[in-house]
Ligand code: HAM
């Protein structure tokens, strides 16, 4: 029987070294920015009951209608691989009673799943860093979380433009929906198939359709910003004043509506050049009604998520090569007696915090090849006879640095050469 090779599921990617090193670096630098804003990490399951997403994201959204990985558990429960992180975080906080009288600021990192058509910057398994602030109704929370999003992007070296809009309250939006429908219905025939389909159930989505003919019609539509309730309008002004005070530039995009139904008032997206139609690297907004809608106490909230793959793709456009992620030292044994000495010394150095790889026994030629592949900063090749008197040679792989001396002195020599012992 012919053997077929198995491959990863379409739209789901393996992340191998050295790429995984670039991911770790980025995650690490994001974590330190998040700490500056007092955010703590929350880890929630990747699988939730399907009803959670239908209730939180909205029955009539593309995500819930077309994109979820939903399956029956062995006992018949309907479960779904999370398409986003906000719903699970809200569910967890309600379940653990973590919202009463508190204002948690939380972040999460991890895989999300959407059955979309894969293309550059759009995958079926992708990774988000998400941040959620709870318990603050005022525009200060919006301003602070937008400042945090700006700093995260700056820390990753990603230039992007901030777009802002306000969706008002569900009541003001319901009034606007009728006004918008009255404008759109006579144009129904000119809309794309998707928009014709969504026209009656979710007409606001027509406003941010990417198809040129729909955009043309959307440009002439009455604007939601002109139909905001007075509190939402004041909130939007207060937010803009705070952004101006912090020198954060933005443009108001009256057609920015977002693809999830839980938003109230402020919505925002950061858009970068270089990824074609998948240029939105970070997006979010306020969702004051969601906690109560999922059975928790009335709690205002705002958050966003950024797409890790999109950030990394943009970084690789601007940075020719990632810095080396190789170990500090390669120790190669030329024969059996040297091997046990090398193992012993490697453990000793590792317990002092140094990264070491060990190889052998092997010929000089094969060890040198392995040393090069390891991308270690320094290498030592050692035979049994070097242990009893002779000097060993420590060599820098990419530079000219070297040291010659007794095997017992190696740790001290490394420290003198400035090899990091954390
Ligand atoms: P979202 O706009 O659906 O919002 O996704 C946020 C970001 O995740 C996008 O801007 C994009 O960078 C990335 N992303 C989304 N789908 C894909 C995909 N198929 N492939 C690669 N990257 C993707 C949310 O998920 C909300 N939960 C954000 C939020 C948090 N709002 C409030 N709190």
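Here the Cβ of each residue, glycine as well, is placed from N, Cα and C on the backbone.
Note that TrEMBL annotation is computational and uncurated.
Residues 84, 85, 86, 128, 132, 258, 262, 263 are given by TrEMBL as L-histidine binders; from 74, 114, 117, that same site also lists 114. Counting every protein chain shown, the number of other Cβ atoms lying within 10 Å of the Cβ of residue 258 (L-histidine binding site) is 19. A simple way to gauge crowding: the CB of residue 263 (L-histidine binding site) has 25 other CB atoms within 10 angstroms, across all the protein chains here. With 84, 85, 86, 114, 128, 132, 258, 262, 263 listed as the residues that bind L-histidine, the site has a largest C-alpha separation of 21 Å. Counting only same-chain residues at least 6 apart in sequence, those with a Cβ under 8 Å from the Cβ of residue 84 (L-histidine binding site) are 53, 57, 63, 112, 128, 130, 260, 305.
Residue 86 (L-histidine binding site) carries a helical DSSP state (H, G or I).
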